[in-house]
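Quick look at what TrEMBL lists:
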type     : residues  : note
COMPBIAS : B:11-25   : compositional bias 'Low complexity'
DOMAIN   : B:157-364 : domain 'ABC transmembrane type-1'
REGION   : B:1-30    : region 'Disordered'
TRANSMEM : B:79-101  : transmembrane segment
TRANSMEM : B:161-184 : transmembrane segment
TRANSMEM : B:196-216 : transmembrane segment
TRANSMEM : B:236-257 : transmembrane segment
TRANSMEM : B:292-317 : transmembrane segment
TRANSMEM : B:345-367 : transmembrane segment
Amino acid sequence: MSTTTPAPKRAAAPAPKVALDSFQRLSRSTGAEVKQGDVILEVRDLTVNFWVNDSWFTAAEGLDYDLKAGEVLAIVGESGSGKTQSSMSLIGLLPKNGRTTGSAKLKGTELVGMPQSELREIRGNEISVIFQEPMTALNPVYTVGFQIVETLRTHFLMNPSDAKVRAIELMRLVEIPDPEDSFNKFPHQLSGGQRQRIMIAQALACDPKLLIADEPTTALDVTVQAEILKLMRELRTRVNAGIILITHSMGVVADMADRIIVMKDGRVVEHGTAADVFYRPQHPYTKALLAAVPHLGETRIEDGRSDALVVKDREFLALEPADDPSVVPALLLENVDITYPKQGRRPAFRAAEGINLRLNPGEVMGLVGESGSGKTTIGRAAVALLPVSAGKITVCGIDITGANNQELKPFRRTVGMVFQDPGSSLNPRLPIGESIGEPILLHEGLKGEALSKRVEDLLDSVELPRSYRNRYPHELSGGQKQRIGVARALALNPKLLVADEPTSALDVSVQARVLKLFSNLQEQYGFACLFISHDLAVVEMVSSKIAVMTHGKLVEVGATSDIVTYPQHPYTQRLLSAVPVPDPDNQRRRRELRDAIIEREHIVS
Amino acid sequence: MTNYDDSPVRGGAAQGPQAEQAATASDPNIASDLAPVDAALTADGATGRGEGVGQAKETEGLSQGQIVRARFLRHRGALFGLITLSAITLMSVLTMGLGPIRGLWKYQDHTRSGDMVNGGEPSLRLPFAGGGFAIGDHPFGQDSIGSDYFALVMSGVQTSLFVMLVLGLTAMIIGVTIGSISGYYRGKIDMVLMRFTDLIITLPVLILGAVLGRLLDVIPIKLDATAAQREALKANMPLLLAVVLGMILWTGLARLTRSEFLSLREREFVDSARVAGASDWRIITKHMLPNAMGVIIVNVTLLMSVAVTLEAALSFLNFGIKPPNVSLGLLIADNQGAFATRPWLFWWPGLFIILIALSVNFIGDGLRDAFDPRTRKIPSDRAMKKAARELAAANPAAAIQEAK
């Protein structure tokens, strides 16, 4: 057991009823008391290496920065740029084949090369981490309260009832509704946002000096993200901690960061204040990164009138008549209900109800909503992967409601689908060429030379080298895999393409290119497209119309410019205001606007 | 301007060769549209870095089969197992022949009795035991009626290996079929097949084997089978035993295949095959089975090692292989009374049972590691230090860092 000196009283602690100072510390506290503005972390020439194939591979090198208490330092970069590894190396959480050199001092205590036993006293106590995926970072077999208490009792000599009081207090701090009741809940009983709040409460349990937030909002919906960011912004003034925010989203950075480090291939390419990096970027990579971020409302038109249709509850949405009534819509949904059947004790769940949607040939419609809003369900029903429980779906004049596999065969030729996760949508055991050629083989019976020719043409159209035909999916990058997914969907020259979050798993610059490619292909092939996404900015870039969904119902349908500029339905307004834009000043205005909207709604309801 | 590589990647996937990208020109329009992005992103090769990069580097440019082979060959235990098993198989086939083909050993008929030489003691002499190396007339000695024990053991090895292979194959066919059908279709079919599997699991293998072995003796007599038919039945005893045991032991495999199919079913490539219009048969055989093959192969090998010992146990209990066939378990059973006086009659078959079961087990282990992408070789401290020194030699600045 280590020596325990009572930690000095902290000035700006969030007025705790249970003062941590009254308990014996079981873990050493490093350095002295922390005040707002003190430098808590000094990193000098930090380098992280990995042992790969009998040699050292540099994942991050030459990091130099200081972090003050109450300050948010954002480390931005694409996946694989070393941003996570360099931060995890601070608390010795690298994989076994990793190695750290250089220096990182937490209030004067050297962290690099510290033995595991001492590091253990620092983790969770002086430095804590908020992980990306709240579902997997919380242990599903313990209650959330227990997990906070566990952290507390690891570092403090506390009896369970005191720890519980402190835990409930922390849960109140992070705005968990009804903390006494939630204390005994298991992670799966809470929503994603609440789970992330619990993670934050756990991270704050011991009043850490340094908080590492590793993509804290990436797994969350945009409105939930806005709330978590709001919470974190409030917390930074209430706790004396420096925050390292690791993220790839420029919008989140604009919302939170005081200073920004831009990393690329393990090197720091730019380091400066938020304003410097956003308004006066120096390095070409930073400029490119900022240019690649889709900006919401870029295609704003100033005409002031909105044609957007607000869909009233259960009301038949006027199926916007085509200019020419003889035009057969590429996709027509009439009063469609989709129900997931009862499974065991889980009751039947209605994922979509009363959906009326019309998509004309050659048109791109964005379908937007949060997770669980039923947007993917509609996409899957449109390609007959899911049965409908009521209503009628017609694709290019073919009624696919209740058709069996044999009857669907001709219909399969007219649709293609691009899936969300490029990693799982290609069969890892098949060469790329076979994956792309499969629809052609199945529907046109082409084999050998003729098939190779078609596959090569498709590879050309998605701008990949023909030699990729013989490669396996694991040899390709995420963006390349997604292009293969697009090529496969276009193999039979479909009239309707359903794209289910095609870019949500990609880095922002890769996303920009895939979207560009997608728009070009759309012009070239002229297919109609249902573009499903949670990201309004992305949808705005590609689609001419937007449909907004929430809780299984369509709430608003209209031209893209109308929806983005003059949203009618309150949900659409809230959704729009929650999207962080990569511009600190603009983002601050939007944030205030959003708070106003929420306040107004609360007054109304 | 190359437009292909999408820069650093989630999980750090491998990058295509740069030469290839340079060789194929891209659409100039798109390239110019995104010129600034491209310029920055492809500036220095844009190799994936960070998490998972190790695996990506190791697997660059190889097909999945090649990766599995490389990983398997790196597993020392598996390599040892493979070499031992091949050596044993080769030895038994070379000496005793295969089926009608005669082998090279002078005593081809293992049932023939002979004169006792030196009290039936092994004539094999090894250098470290003193007296130099000699094979002699009966290297493994002779049994109680003077038959050559080397011939007996080698025939027994063949029977054991044969039972092992047939049992593995039978169990694989039944288990994979039932598992894949119930995993793919789910619902009622799954329900029926899995309850049937549960029923089979409740059957005690040893007792069932014993009863069936007994029935094979009794039924031909009851049915008034001719002597020739009974002989044929006896001669094919190893085959019958293997098939029957295989029909009991498939249950674990069926459950594993089912759970693998249940998770594969949720993968998007299965949906995409369905959207492409593939039939159920095609989806199961072309898309799902190859992906489940790793699990299946591994468990079949592990099942095979169980089979070797199970066959020995059944034969030991006098329920499995019957004379004139010979198996390792039967040899042990026949000679159990001689353990105190002539222990070699016990040791030789025992040694081969252990060697075969152990080798197959190691091979199964190696296959599991090779197919499981999560297992990775962790470098030894020595190798890491050595690399650090080399790095220091190449880069003096780092050496100073190291010295601190």
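The backbone N, Cα and C atoms fix where each Cβ goes, and this holds for glycine too.
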Are the transmembrane segment (B:236-257) and the transmembrane segment (B:79-101) close enough that 3 or more Cβ pairs fall under 8 Å, when only pairs 6 or more apart in sequence count?
no
Long-range neighbours of the transmembrane segment (B:292-317), counting only residues six or more past its ends (CB under 8 A)
68, 159-160, 163-165, 167-168, 171-172, 176, 180, 205-206, 209-210, 213, 241-242, 245, 249, 252-253, 256-257, 260-261, 264, 327-330, 332-333, 353, 356-358, 360-361, 363-364, 367-368, 371-372
Under an 8 Å Cβ to Cβ limit, what residues of the same chain, 6 or more beyond the ends of the transmembrane segment (B:161-184), are close to it?
88-89, 92, 190, 193-194, 196-197, 238-239, 241-243, 245-247, 249-262, 264-265, 280, 283-284, 288-289, 292, 296, 300-301, 303-304, 307-308, 311, 321, 327, 356, 360
Same chain only, please: residues at least 6 beyond the ends of the transmembrane segment (B:236-257) with a C-beta under 8 Å from a C-beta of the stretch. Say none if there are none.
159, 162-172, 174-176, 178-180, 182-183, 193-194, 197, 200-201, 203, 205, 208-209, 212-213, 216, 292, 295-296, 299-300, 303, 306-307, 310-311, 314, 320-322, 325, 327
